[in-house]
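Report on one structure; see the data block that follows.
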Amino acid sequence: MAVPITVVLMIIVLFFVFFMKKRLNFLQNTILYMVMAIITKNYFSIMVMELKLYKNADDSSLFISLLIDREIIIPILIVIFVNYFIEFRAWYKKIVVSIIIIGCLQLLDFFSVLFGVIEFVRWNMFYELLINMSYLLIGLGICKTLLAIRSHWEGQQYDSNL
(Lines of atoms letter the chains of each structure in order from A and count residues from 1; the text may use other names and numbers.)
(Lines give C-alpha, C1' and ligand atoms only; values in the text may rest on other atoms or scores of the structure.)
Protein backbone atom coordinates (compact mmCIF):
# COMPACT_ATOMS: atom_id res chain seq x y z
CA MET A 1 0.00 0.00 0.00
CA ALA A 2 2.94 2.33 0.59
CA VAL A 3 4.24 2.25 -2.98
CA PRO A 4 1.00 3.33 -4.72
CA ILE A 5 0.47 6.15 -2.23
CA THR A 6 4.07 7.27 -2.66
CA VAL A 7 3.79 7.19 -6.46
CA VAL A 8 0.56 9.22 -6.35
CA LEU A 9 2.19 11.77 -4.01
CA MET A 10 5.20 11.94 -6.32
CA ILE A 11 3.00 12.62 -9.35
CA ILE A 12 1.05 15.33 -7.50
CA VAL A 13 4.23 17.04 -6.30
CA LEU A 14 5.82 16.84 -9.76
CA PHE A 15 2.74 18.33 -11.45
CA PHE A 16 2.68 21.07 -8.86
CA VAL A 17 6.33 21.98 -9.34
CA PHE A 18 6.08 21.91 -13.14
CA PHE A 19 3.18 24.35 -13.26
CA MET A 20 4.05 26.70 -10.42
CA LYS A 21 5.60 30.12 -10.97
CA LYS A 22 9.27 29.86 -10.11
CA ARG A 23 11.50 32.75 -9.07
CA LEU A 24 14.69 30.78 -9.63
CA ASN A 25 15.72 29.86 -13.15
CA PHE A 26 16.01 26.29 -14.42
CA LEU A 27 19.70 25.93 -13.60
CA GLN A 28 19.29 27.24 -10.06
CA ASN A 29 16.31 24.96 -9.41
CA THR A 30 18.25 22.00 -10.81
CA ILE A 31 21.29 22.70 -8.64
CA LEU A 32 19.07 23.13 -5.59
CA TYR A 33 17.28 19.85 -6.35
CA MET A 34 20.51 17.90 -6.88
CA VAL A 35 22.21 19.23 -3.75
CA MET A 36 19.15 18.52 -1.62
CA ALA A 37 18.87 15.02 -3.12
CA ILE A 38 22.51 14.36 -2.19
CA ILE A 39 21.95 15.70 1.33
CA THR A 40 18.84 13.59 1.92
CA LYS A 41 20.50 10.49 0.51
CA ASN A 42 23.52 10.94 2.76
CA TYR A 43 21.33 11.71 5.76
CA PHE A 44 19.29 8.53 5.37
CA SER A 45 22.41 6.45 4.73
CA ILE A 46 24.16 7.75 7.84
CA MET A 47 21.06 7.30 9.99
CA VAL A 48 20.52 3.70 8.84
CA MET A 49 24.02 2.30 8.36
CA GLU A 50 26.23 4.19 10.77
CA LEU A 51 24.09 5.45 13.63
CA LYS A 52 21.42 2.73 13.36
CA LEU A 53 18.68 5.14 14.44
CA TYR A 54 16.42 3.93 11.63
CA LYS A 55 15.69 0.48 10.40
CA ASN A 56 14.69 0.00 6.77
CA ALA A 57 12.07 -2.50 5.75
CA ASP A 58 13.38 -5.77 4.35
CA ASP A 59 10.73 -5.81 1.63
CA SER A 60 12.07 -4.42 -1.65
CA SER A 61 8.76 -2.81 -2.61
CA LEU A 62 8.82 -0.78 0.59
CA PHE A 63 12.41 0.20 -0.11
CA ILE A 64 11.23 1.61 -3.46
CA SER A 65 8.87 3.83 -1.51
CA LEU A 66 11.77 5.05 0.63
CA LEU A 67 13.83 5.78 -2.48
CA ILE A 68 11.01 7.80 -4.03
CA ASP A 69 10.62 9.74 -0.78
CA ARG A 70 14.25 10.63 -0.31
CA GLU A 71 15.28 11.05 -3.96
CA ILE A 72 12.26 12.80 -5.47
CA ILE A 73 9.58 14.03 -3.08
CA ILE A 74 11.68 15.64 -0.33
CA PRO A 75 14.02 17.59 -2.67
CA ILE A 76 11.07 18.71 -4.81
CA LEU A 77 9.25 19.95 -1.71
CA ILE A 78 12.37 21.94 -0.79
CA VAL A 79 12.46 23.45 -4.30
CA ILE A 80 8.78 24.41 -3.96
CA PHE A 81 9.45 25.93 -0.54
CA VAL A 82 12.42 27.99 -1.68
CA ASN A 83 10.63 29.35 -4.75
CA TYR A 84 7.58 30.39 -2.73
CA PHE A 85 9.69 31.73 0.13
CA ILE A 86 11.56 34.15 -2.13
CA GLU A 87 8.36 34.93 -4.07
CA PHE A 88 6.44 36.26 -1.08
CA ARG A 89 7.36 39.56 0.53
CA ALA A 90 5.07 39.40 3.58
CA TRP A 91 6.40 37.47 6.55
CA TYR A 92 3.07 35.87 7.40
CA LYS A 93 2.96 34.30 3.92
CA LYS A 94 6.49 32.98 4.39
CA ILE A 95 5.51 31.50 7.75
CA VAL A 96 2.41 29.87 6.24
CA VAL A 97 4.48 28.33 3.41
CA SER A 98 7.03 27.08 5.94
CA ILE A 99 4.34 25.47 8.08
CA ILE A 100 2.68 23.84 5.06
CA ILE A 101 5.93 22.37 3.73
CA ILE A 102 7.04 21.19 7.18
CA GLY A 103 3.61 19.61 7.60
CA CYS A 104 4.00 17.80 4.27
CA LEU A 105 7.45 16.54 5.26
CA GLN A 106 6.14 15.39 8.63
CA LEU A 107 3.25 13.57 6.95
CA LEU A 108 5.74 11.80 4.67
CA ASP A 109 7.66 10.63 7.74
CA PHE A 110 4.46 9.62 9.52
CA PHE A 111 3.25 7.55 6.56
CA SER A 112 6.69 5.96 6.21
CA VAL A 113 6.51 4.80 9.81
CA LEU A 114 2.83 3.85 9.54
CA PHE A 115 3.33 1.63 6.48
CA GLY A 116 6.54 0.10 7.81
CA VAL A 117 8.89 1.68 5.28
CA ILE A 118 11.14 2.82 8.12
CA GLU A 119 11.15 2.05 11.81
CA PHE A 120 12.49 4.43 14.41
CA VAL A 121 14.90 2.64 16.74
CA ARG A 122 16.21 5.46 18.91
CA TRP A 123 14.47 8.29 17.13
CA ASN A 124 11.11 10.06 17.20
CA MET A 125 8.97 12.49 15.22
CA PHE A 126 10.29 15.53 17.10
CA TYR A 127 13.80 14.78 15.88
CA GLU A 128 12.38 14.39 12.39
CA LEU A 129 10.77 17.81 12.75
CA LEU A 130 14.18 19.28 13.55
CA ILE A 131 15.72 17.53 10.55
CA ASN A 132 12.92 18.74 8.26
CA MET A 133 13.37 22.31 9.48
CA SER A 134 17.09 22.01 8.83
CA TYR A 135 16.31 20.85 5.27
CA LEU A 136 14.40 24.08 4.74
CA LEU A 137 17.21 26.19 6.19
CA ILE A 138 19.80 24.39 4.07
CA GLY A 139 17.63 24.97 0.99
CA LEU A 140 17.42 28.69 1.78
CA GLY A 141 21.19 28.82 2.27
CA ILE A 142 21.78 27.15 -1.08
CA CYS A 143 19.34 29.59 -2.70
CA LYS A 144 21.10 32.59 -1.19
CA THR A 145 24.45 31.25 -2.40
CA LEU A 146 23.11 30.68 -5.91
CA LEU A 147 21.61 34.17 -6.06
CA ALA A 148 24.89 35.69 -4.83
CA ILE A 149 26.85 33.78 -7.47
CA ARG A 150 24.39 34.90 -10.14
CA SER A 151 24.60 38.57 -9.17
CA HIS A 152 28.39 38.38 -8.97
CA TRP A 153 28.57 36.72 -12.38
CA GLU A 154 26.24 39.25 -13.98
CA GLY A 155 28.27 42.06 -12.43
CA GLN A 156 31.46 40.66 -13.94
CA GLN A 157 29.84 40.28 -17.33
CA TYR A 158 28.55 43.84 -17.16
CA ASP A 159 32.00 45.21 -16.23
CA SER A 160 33.70 43.30 -19.03
CA ASN A 161 31.40 44.94 -21.56
CA LEU A 162 32.56 48.41 -20.50
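Glycine residues also receive a Cβ, built from the backbone N, Cα and C atoms like all the rest.
Not measured: the values here are computed from a predicted model.
Over in TrEMBL, the protein carries these features:
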- 6-24: transmembrane segment (TRANSMEM)
- 31-49: transmembrane segment (TRANSMEM)
- 61-86: transmembrane segment (TRANSMEM)
- 95-118: transmembrane segment (TRANSMEM)
- 130-149: transmembrane segment (TRANSMEM)
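Sequence-distant contacts of the transmembrane segment (6-24) (same chain, at least 6 residues past either end, Cβ-Cβ under 8 Å): 32, 64-65, 68-69, 72-73, 76-77, 79-80, 82-84, 86-87, 108, 143, 146. Listed as Cβ neighbours of the transmembrane segment (130-149) (distance under 8 Å, sequence separation of 6 or more from its ends, same chain) are residues 24, 28, 31-32, 35-36, 39-40, 43, 74, 78-79, 81-82, 85-86, 98, 101-102, 105-106, 109.
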